[in-house]
Ligand code: ADE
Ligand code: ZN
């Protein structure tokens, strides 16, 4: 079995994917038409041409504009279902998906509408595709602490449908410390915690995510390598980093995939995983990300297997489920 065949054969868990970032232009056009909402593009090709980013913010502006056509429960269902079909193609057998309720509630869409559509797709994915899933609700960090508190209040009646709370959007200038109090409340309510940190922001933001938000995983975290003491801590605590290689390339976090530090982080003993982030915008889903790093960094069979094992170990599934998938990986 060559490396590409191995990548396709491995069962994998995806731990860092924004469901709004899986919105393919074809589906965006179809939903815009059915909801009678104008989008500023004439064709699918024109949409794809707009996907040329020079940093995180240049992407976020387009990403939030695309999400504006999502209004009805069925829209959120269709969005998530299309992603699950990609999971099935890539042998992603478990996924923990982010959703950004504020992107929708700020436009007048009910929190319950968003959640109902996503949840129905999750139920169907288990039944029809055998894919398990969890939902992670993110606060938009460019908005206020007060807005985050309001969003947490809206989520509390749906506590059992949401496994964790995360933090995303424009990183620089919006450190984790801005949200310390609302994450304390979320933890007390029983949610697990994750946060984007060290994507564009400095290692200090990763320290804050660990010490103030008390995260269970760091999303991205690729800048941790700039701080030796932080690296020692991440390795000692086996703190997972959900790394997104194609995202890092498209948002110019790295200039060239050959410069990506995921293999070096793995070799140093950091618990890294591979993820797609916003696959419709960044040129690929799970296996595309694996193949991109494989081609640029020449990972061995054992390293590819370790990345797949890490994805289950870092997930929020039960220990029995973890063991089942890890044994299957080892047997390949
Ligand atoms: N929202 C969607 N994708 C994101 C990313 N890569 N970083 C921060 N916020 C995001
Ligand atoms: Zn992300």
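Placed from the backbone N, Cα and C atoms, the Cβ positions cover glycine too.
Positions annotated as domain 'Adenosine deaminase' by TrEMBL: 11-330.
Residues within less than 8 Å, Cβ to Cβ, of residue 196 (Zn(2+) binding site) and separated from it by at least 6 positions along the same chain comprise 141, 166, 167, 168, 171, 219, 220. Per TrEMBL, Zn(2+) binding site is recorded for 16, 18, 196, 277.
The active site, proton donor feature in TrEMBL is assigned to 199. Residue 199 (active site, proton donor) falls outside any helix or strand according to DSSP and counts as coil. For residue 199 (active site, proton donor), applying a Cβ distance below 8 Å and a minimum sequence separation of six or more within one chain yields 56, 171, 219, 220, 221, 222, 223, 248, 251, 253.
Among the features that TrEMBL reports, site 'Important for catalytic activity' is placed at 220.
Per TrEMBL, substrate binding site is recorded for 278. With a cut-off of 8 Å between CB atoms and residues at least 6 apart in sequence, the same chain places 17, 18, 20, 21, 22, 59, 63, 247 near residue 278 (substrate binding site), listed in sequence order.
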Message = Measuring Cβ to any atom of ligand 2 with a strict under-6 Å cutoff, which of the recorded positions 199, 220, 277, 278 qualify?
response = 277
Remark   = Taking the centre of the Cβ atoms of 16, 18, 196, 277 as the Zn(2+) site, the remaining residues of that chain with Cβ inside 8 Å are 17, 21, 98, 168, 219, 220, 242, 244, 247, 275, 278
Inquiry  = For 16, 220, listed as recorded positions, tell me which one has the smallest number of other Cβ atoms within 10 Å.
reply    = 220
Query = Should we count any of the recorded positions 16, 196, 220, 277, 278 as near ligand 1, judged by a CB under 6 A from one of its atoms, and which?
reply = 196, 277, 278
Query = What is the average pLDDT across the domain 'Adenosine deaminase' (11-330)?
reply = 98
